[in-house]
Amino acid sequence: MNPSEVQQFVRETALKQHNWMRECIKLIASENITSIPVREACATDFMHRYAEGLPNNRLYQGCEYIDDIENLCIELSEDIFKAEHANVQPTSGVVANLAVFFAEAKPGDKLMAMDVPNGGHISHWKVSAAGIRGLRASAHPFDAEEMNIDVDKMVKQILEEKPRLVLFGGSLFPFPHPVKDAVDAANEVGATIAYDGAHVLGLIAGGQFQDPLREGAEYMMGSTHKTLFGTQGGVVLTEKKNAKKIDDKIFPGVVSNHHLHHKAGLAIALAETKEFGEAYAKQVVKNAKALGQALYERGCNVLCEHKGFTESHQVILDIEKSECIEFSARELATMFEEANIILNKNLLPWDDVSNSDNPSGIRLGSQECTRLGMKESEMDEIAEFMKRIAIDGEDIKKVKEDIVEFAKSYSEIHYAFEGGDAFKYLKFY
């Protein structure tokens, strides 16, 4: 491609993305959509600048206004999560995890975390952040029927293995984890409890999940762009006694510049969360439960029917055990994409971790649909679209036509001071 053509190619490709997303039902559990003011804040001069160090104590000059922004992000984060100390400089949830691993453990120390098929994130294991720090990870004992940690076995394992870190949270996360139940055992062996809240920070902010910092976690970390509808980035929340230790491990430890334009957008998203977060989080959970029920009634094997399917934004389908479905999870994910339903295949507890490209499950998330104004009745419509493809074997092109018309009706941002067109392309020239 001629260099002079790249600019137009990128614009045209971005427009295609915007227009495609307008016509899709988006059920990826790790994504969300920001308000127009958040996007405007990201497209500012802050994207060009550096600000190494903490606010009001930078190594660079020219940081007066980013200090104002970052201080506001810190203030809002501490307020929303009732935390004594917040650091918003991690550039992702994985970087936030890595900072805590560096702050609280040394190479060779043991970490207890969720196994990946049970819902743990790759950053909790040797292949990612835990391995970078040289930690030896062992898996929480897991009850697959309950889709949660086995409390009695967990306590016994903490006492026997004496880990340096006990980590909760994950990426397959339908129910709160037993943080309180680990406290006594962790204290006895000198372990620190940390909580990876990347997927559920927005629900925690809205008071609709659990409250890890009050339940015994010394650290809560996560990304700021899943159920928390902010810009891509990370945050670490902890007690005041840990402030210097974690700040030093973030910078100069694992972050240099921290993408200042994203902090400008994050400040607005946090303000939206403070104002609208409770109503939003309540509807996210209602929608997830409704989607699980609607799919279950149509013949899908939705995990944990006996527990109301979920208490978070996530709904988990076991495709292999759905007798009325003849396709694999991998095949279905592709078929749904062809029909403009965007979701992901996912490992389940009985899958081998090496089989991640052909697992038995599908993971759904209700958070982005909720931000676009959908409620329980729309979850029923989505379940019917999915049934028409997965169970009825209806022509995908025909179902797609109906999905496009449905999706176009939900393209306004809700739970914001200024909503606007969710898929508007911000054009500067």
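From the backbone N, Cα and C atoms, a Cβ is placed for every residue, glycine too.
Sequence annotations record features per position, and here Swiss-Prot assigns (6S)-5,6,7,8-tetrahydrofolate binding site to Gly120, His121, Ile122. For Gly120 ((6S)-5,6,7,8-tetrahydrofolate binding site), the same-chain residues 6+ apart in sequence whose C-beta sits under 8 angstroms from its C-beta are Ala113, Met114, Ala139, Gly170, Ser171.
Its Cβ placed at the centre, Lys226 (N6-(pyridoxal phosphate)lysine) has 27 other Cβ atoms within 10 Å. Per Swiss-Prot, N6-(pyridoxal phosphate)lysine is recorded for Lys226, and the stated evidence type is sequence analysis.
Around His225 (site 'Plays an important role in substrate specificity'), the same-chain residues six or more apart in sequence whose CB sits under 8 Å from its CB are Glu31, Asn32, Thr34, Thr231, Gln232, Gly233, listed in sequence order. Under the heading site 'Plays an important role in substrate specificity', Swiss-Prot lists His225.
A C-beta separation below 8 Å, combined with a sequence spacing of at least six in one chain, links Ile122 ((6S)-5,6,7,8-tetrahydrofolate binding site) to Val116, Ser128.
Of the recorded residues, Lys226 (N6-(pyridoxal phosphate)lysine) and His121 ((6S)-5,6,7,8-tetrahydrofolate binding site) place their C-alpha atoms 14 Å from one another.
Within 8 Å of the Cβ centroid of the (6S)-5,6,7,8-tetrahydrofolate site, not counting the listed residues Gly120, His121, Ile122, the chain contributes Ala113, Met114, Val116, Gly119, Ser123, His124, Trp125, Ser128, Gly170, Ser171. Following the DSSP three-state reduction, the secondary structure of His121 ((6S)-5,6,7,8-tetrahydrofolate binding site) is coil.
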